[in-house]
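**Student:** Could you have a look at this structure, given as structure tokens, before my questions?
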Amino acid sequence: MISYFRSVLPSRLILLLILFLGLQLPLVLWGIPGTAPELLHMLVGQRMADGYQMYREIYDNTAPLTAMVLWLVDVLAGRSFLAYRLTAMGLLLLQALLLNYNLNRHNVYVSQNYLPALLYLVLGSLSFEFNMLTPLLIGNTFLILSLPYIVTLNREGYDNNRLFVGGFMLGLAALSYLPLAMFLVVGMFAVLFFAANTFRSMMLMFCGFAFPYAMLLTYYMYTNTVPEFMELHLLRPWQLQVTFLRPPSDVAILMLIPGLLLLLSLISAASLPQRLVFQVKFQQLMWVWLIVSLLVTFTRDEITVATFILLLPPIAYFSQFFFTSNRKLWILNTVFLVALAGVLLLRYRTVIGINELLQVNESPMLLEEEELARVPMKNSTVLVLGNDISYYAYNKPVTPYLNWQLAQRHFGRLSEYRAVFLLHENFKREQPEFIVDKAGLMPELMYKLPNIFGKYEQTSDPAIYKLK
């Protein structure tokens, strides 16, 4: 099978697409329960589709470009887990084909083939979390789009605009997920490796990176949203306190196959014979890409399998060296088939009933049906004072307070006049039918803002208040 994809004939691409759809579609169409991160993204998209301004009328730290994608999906398909996952599937396929095309076009290997795309799509099918439309997945697309522009052999006065475009793509990646700005380091190394006039080329790339931010800030100036954008997104403190959304042992089990393939591939890459200077420099650049990817992955405030999407490009690149090495073909085929079988078993473990054997717990990520069934209200407008967003699954959010952590800028400062005043203004514009008080703040709110919160009465559930 490996030898079949060592060619770039169109038939290989067709089989690659069939393999990808065969791996991905059954589980996507089967209907995996929704996850809390997906629901939060849907709420952002829905609020924007209803005409509310990000950061000024939606308090969330979702990056601007990601928010625009969420808005577009909501406009086209509404609040649909299937639509979000099909969009993520499309982005994953696009990334694999773009990466493979760029690697072949720049002759970074001895021969052209579809092996990088094959490994990218197989490993990208490892977990349903890679089917989640996350800021990292969106930003990773722009990182791959930047690659052909930052590795161009640049000569003074020749095609200088390519580095500007490369920086622009890196800027769009950062606008999708802010820590991806660290990939400017990859761009800087690319300039050092490939550019003729290092300082001038570096400035071109930095200008390209800053350009989308300049356009965005201009727009926010006209809409009077700059302070909120700076506070809620751009100047948010980088927290180095790592939290795993699911047990670290589960993440380790699911990432075992990519980790072993990466290890075998790095060993193979280290023992390569002498190659062209460009190929050696490109490999050095991919080492930098791998290190930066690991740094971004492990400095996120929340880590799960979906955060490892950044490692797929370097793994796909380095894996080609292992699968085109001088080892016997049956060994290479066996390694690939074992990896493919492992991906299938891990992806469909709940369907085929082996999850109890593997003991991989999905529940920390999923919105359980039993939990959603206990929500007493349906098709109503709701505000949750707390972190439990399951109440929004069948209801519509109102007021800007989607993200409870960011809502603390008001609810956490009830002793300050300005915070109470802003609460009054926000609730004067929108009043939910139900308030779910998981934080125990309603008595204080009813005392300090009786004309707003005095309109609510407690239901049979003491944590739920209904508009009179």
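Along the chain as shown, residues are numbered 1 onward.
Every residue gets a Cβ built from N, Cα and C, even glycine.
Predicted automatically and left uncurated, TrEMBL annotations should be read as such.
Pulled these from TrEMBL:
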- 82-101: transmembrane segment (TRANSMEM)
- 163-196: transmembrane segment (TRANSMEM)
- 202-222: transmembrane segment (TRANSMEM)
- 251-270: transmembrane segment (TRANSMEM)
- 276-296: transmembrane segment (TRANSMEM)
- 303-323: transmembrane segment (TRANSMEM)
- 329-348: transmembrane segment (TRANSMEM)
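Each of the listed features needs to be described in terms of its position in the shown structure.
**Tutor:** Through the fold, the transmembrane segment (82-101) approaches residues 17, 20, 24-25, 28-29, 31-32, 38, 41-42, 73, 76, 114, 116-117, 120-121, 124, 130-134, 137-138, 140-141, 144-145, 147, 312-313, 316-317 of its own chain, all at least 6 residues removed from its boundaries and within a Cβ separation under 8 Å.
Counting only same-chain residues 6+ beyond the ends of the transmembrane segment (202-222), those with a CB under 8 A from a CB of the stretch are 55, 64, 150, 160-161, 163-172, 174-175, 181, 184, 187-188, 191, 195, 229.
If one looks beyond the transmembrane segment (276-296) by at least 6 residues along the same chain, the residues whose Cβ comes under 8 Å of a Cβ in the stretch are 106-109, 151, 153, 179-180, 182-183, 185-186, 189-190, 193-194, 269, 310-311, 313-314, 317-318.
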